[in-house]
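This report refers to the structure that appears directly beneath it.
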Amino acid sequence: MSVQPDSKISNSTFLLTGFPGLEREYPWLSIPFSCIYAMVLLGNCLVLHVIRTEPSLHQPMFYFLAMLALTDLCMGLSTVHTVLGILWGISQEIGLDACIAQTFFVHGLSCMESGVLLAMAFDRFTAICNPLRYTSILTNMRIITIGVAILGRSFLFITAPIVRLKFFDYCHPHILSHSFCLHQDLLRLACSDIRFNSFYALALVICTLFLDSVLILISYISILHSVLTIASRDERLKSLKTCVSHICAVLVFYIPIIGLTMVHRFGKHLSPVVHVLMGNIYILFPPLMNPIIYSVKTQQIRSRIQRWFTKQN
């Protein structure tokens, strides 16, 4: 079913965009997307289960990893019903309240993932640059405080612009650009004064995603400087290997965001399918790849999963 403006659609209902021109292929497209969502849910649940049941993993590094897995799990749950709902032919419509709620969780969880990645960078910085003070700096109470701060920053700061979406007049055709709701997409359809939301959203991106990425970069410059002072080549490699998983997680989070931004900014001439595909990559790629990265690259988790499956067999 293609997305067409419909006069019967009320002011509180929006149409989500699937993959324009590929409507006949939705039954086939639903298979890989269903598999991806299943892997997102099972992979992150497996990481959480391994960390919870393995006492040797009750360390600051793995507490932050559990936060990351929980964030990715919630990201998958927040969009699965609309994406698969379109591909399975259930519905392309979404109410304004449901759309605003999805917008709140998508942007809040994205900000939360950035904050968790920054906390993990601080963990690696402390472990390598101040190894003797590692346990005294990252105590359980400090980890809880960091987690609460990340949660508060992620959801409290976005509440004001998200709530304002409820009171806008949407006079443009109620057709969204993706198979889920985004703040900037709703602003595009509004006829009200959106200057506060536009400037607030830009400031929020600068103060969260951009600032987090700069601090992560600074932490790794400090880590590299500290590692280069180690005399033994084997010790240098051992220290750097503990950062590989986190570096990969940072890349799979920021590269899709940069790609989606570039497509929206410079790719207006591109096919709508490209925009929808980049949006889905932005939502699904980090939650899909992070469990794989940490299961493969982190020896403690990999060996625990291997022992668990060996015992089951």
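We count from 1, first residue shown onward.
Just so you know, glycine gets a Cβ as well, placed from its N, Cα and C.
Those TrEMBL annotations? Automatic predictions, nothing curated.
As recorded in TrEMBL:
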type	residues	note
TRANSMEM	28-51	transmembrane segment
DOMAIN	43-294	domain 'G-protein coupled receptors family 1 profile'
TRANSMEM	63-88	transmembrane segment
TRANSMEM	100-122	transmembrane segment
TRANSMEM	143-163	transmembrane segment
TRANSMEM	199-223	transmembrane segment
TRANSMEM	244-267	transmembrane segment
TRANSMEM	273-294	transmembrane segment
Residue numbers, six or more beyond the limits of the transmembrane segment (143-163), whose CB comes under 8 Å of its CB atoms
60, 63-64, 67, 100, 103-104, 107-109, 111-112, 115-116, 119, 183, 196-197, 200-201, 204, 208
Report, as numbers and ranges, which residues of the same chain sit near the transmembrane segment (100-122): CB under 8 Å and 6 or more residues beyond its ends.
61, 64-65, 67-68, 71-72, 74-75, 78-79, 82, 94, 146-147, 149-151, 153-155, 157-159, 162, 165-166, 180-183, 186, 204, 208-209, 212-213, 215-216, 219-220, 246, 249-250, 253, 257, 283, 286
Average pLDDT across the domain 'G-protein coupled receptors family 1 profile' (43-294), rounded to a whole number
91
